Amino acid sequence: MRAPGSGRLALPLLLLAVVALAEGDAKGLKEGETPGNFMEDEQWLSSISQYSGKIKHWNRFRDEVEDDYIKSWEDNQQGDEALDTTKDPCQKVKCSRHKVCVAQGYQRAMCISRKKLEHRIKQPSLKLHGGKDSVCKPCHMAQLASVCGSDGHTYSSVCKLEQQACLSSKQLAVRCEGPCPCPTEQSTASTTDSKSETCTGQDLADLGDRLRDWFQLLRENSKQNGSANSATNPAGLDKSLGASCKDSIGWMFSKLDTSGDLFLDQTELAAINLDKYEVCIRPFFNSCDTYKDGRVSTAEWCFCFWREKPPCLAELERTQIQEAAKKKPGVFIPSCDEDGYYRKMQCDQSRGDCWCVDQLGLELTGTRMHGTPDCDDIVGFSGDFGSGVGWEDEEEKETEEAGEEAEEEEGEAGEADDGGYIW
């Protein structure tokens, strides 16, 4: 027999079951795949949603490596939760239609294309799951330092670059530290462009005149602005500068010589920033450095702009211009002193010959030899610019010696008379 009132209880229970079933379907619809356009899936939404959880916009070109970095970052933020090694990390990961979820360790999961997966399965040495033998090693937050890869892309760390190389089966290397493009690429391109420009002999000859006119213009502008007398020249500058160098050329030297040592080094010469307009500016100043010591003295600076240069410096400039124009190796290069005149000894490095000259460069007969002649004994300098061999006249020498002997005899006779002999 049926208990009384059982039919009344069955109807409410049936209704409750129907309502629960409907709620379960609705919940399953929310948690499962969204019906309709598959592009509305969470996996295609931009990674901005992974930071805020609210802002979401369409972005089908997501970086797999960067997504992996974000997931690892979220996993690290959940450090309070105990690590559950029984759960598969791919349970909550949804991949696109042509990709498969692959677990790496207990907390990491990545979406890899089916073709790459099949390619890795064919290679027995590779393992898909994390471990000591895993090729695609995990990356940690402590290793973040952006680098530029050989493929032209910027990676958040070297580990990310190696991981991308592992995933894409490509050979990638670090081109430089920091984001792309590398600074060396830009500097190399500019250096190549500057080296492509060649300076002819006429260019070097005309550049000195243009610089002199430019210095004169700068000095006139400085006078008008009242700053010409603000910077006084060093005490030794006026003494070291020649008479023809105390105009705009000497004024420019005092402006450039910030150290006050009466020399212009490469840093001080770099203040004349005309490389963009004068491609021969550096070769010109290199030709001024006759000593090749990396700096330009006051004399070298003045001689660079002299219309009439001393003989040795003039020949040196002609030789350098010929080398720049024709590029002839083995050309004799004269050795000049600080005043622009020839040194006593000149040597041809290509032949190994050395000889003695005067200050005007005239070779003294019989002094050329293999080795180093003693030009100090051969050449006698008199005055500032005169030179010549110390020839002696034997007849005059004998006459002078005879006169000296007669004077000595007379002196001895006088001393004898003082003795007081009585005849």
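Glycine is no exception: its Cβ is also placed from the backbone N, Cα and C atoms.
The compositional bias 'Acidic residues' annotation in Swiss-Prot covers 391-423.
Per Swiss-Prot, the feature disulfide bond maps to Cys90-Cys101 (among others); the stated evidence is similarity to another entry. Counting Cβ atoms from all protein chains shown, Cys101 (disulfide bond) has 16 others lying within 10 Å of its own Cβ. Cys101 (disulfide bond) falls within a strand segment according to DSSP.
Taking the Cβ of Cys111 (disulfide bond) as centre and 10 Å as the limit, one finds 19 other Cβ atoms among all the protein chains shown. Marked as disulfide bond by Swiss-Prot: Cys95-Cys111 (among others).
Residue density at Cys136 (disulfide bond): 23 other Cβ atoms are found within 10 A of its Cβ, drawing on all protein chains shown. Taken from Swiss-Prot, the feature disulfide bond covers Cys136-Cys166 (among others).
Per Swiss-Prot, the feature disulfide bond maps to Cys139-Cys159 (among others); the stated evidence is similarity to another entry.
According to its DSSP assignment, Cys180 (disulfide bond) is coil. Neighbour list (Cys180 (disulfide bond), Cβ cut-off 8 Å, at least 6 residues apart, same chain): Cys148, Gly149, Gly152, His153, Thr154. Positions annotated as disulfide bond by Swiss-Prot: Cys148-Cys180 (among others).
The disulfide bond feature in Swiss-Prot is assigned to Cys312-Cys336 (among others). Cβ neighbour count for Cys312 (disulfide bond) (all protein chains, 10 Å cutoff from its Cβ): 24.
Taken from Swiss-Prot, the feature disulfide bond applies to Cys347-Cys354 (among others). Taken residue by residue with DSSP, Cys354 (disulfide bond) is part of a strand.
Among the features that Swiss-Prot reports, disulfide bond is placed at Cys356-Cys375 (among others), with the record citing similarity to another entry.
The annotation domain 'Kazal-like' is assigned in Swiss-Prot to 130-182.
The domain 'Thyroglobulin type-1' annotation in Swiss-Prot covers 309-375, and the record cites sequence analysis as its basis.
Annotation source Swiss-Prot lists O-linked glycosylation site at Ser382 (among others), citing sequence analysis.
Per Swiss-Prot, the feature O-linked glycosylation site maps to Ser387 (among others); the stated evidence is sequence analysis.
Feature annotation from Swiss-Prot assigns phosphoserine to Ser72.
Feature annotation from Swiss-Prot assigns signal peptide to 1-22.
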Highest CB neighbour count within 10 A among the disulfide-bonded residues Cys95, Cys166, Cys347, Cys356, Cys375?
Cys356
Across the domain 'Kazal-like' (130-182), average pLDDT on the 0 to 100 scale:
76
Taking the Cβ of Cys336 (disulfide bond) as centre, how many other Cβ atoms lie within 10 Å?
25
Three-state secondary structure of Cys136 (disulfide bond) from DSSP?
coil
Find, for the listed disulfide-bonded residues Cys139, Cys148, Cys354, the residue with the lowest Cβ contact count at a 10 Å cut-off, counting only other Cβ atoms.
Cys354
DSSP-derived structure type at Cys159 (disulfide bond), helix or strand or else coil
helix
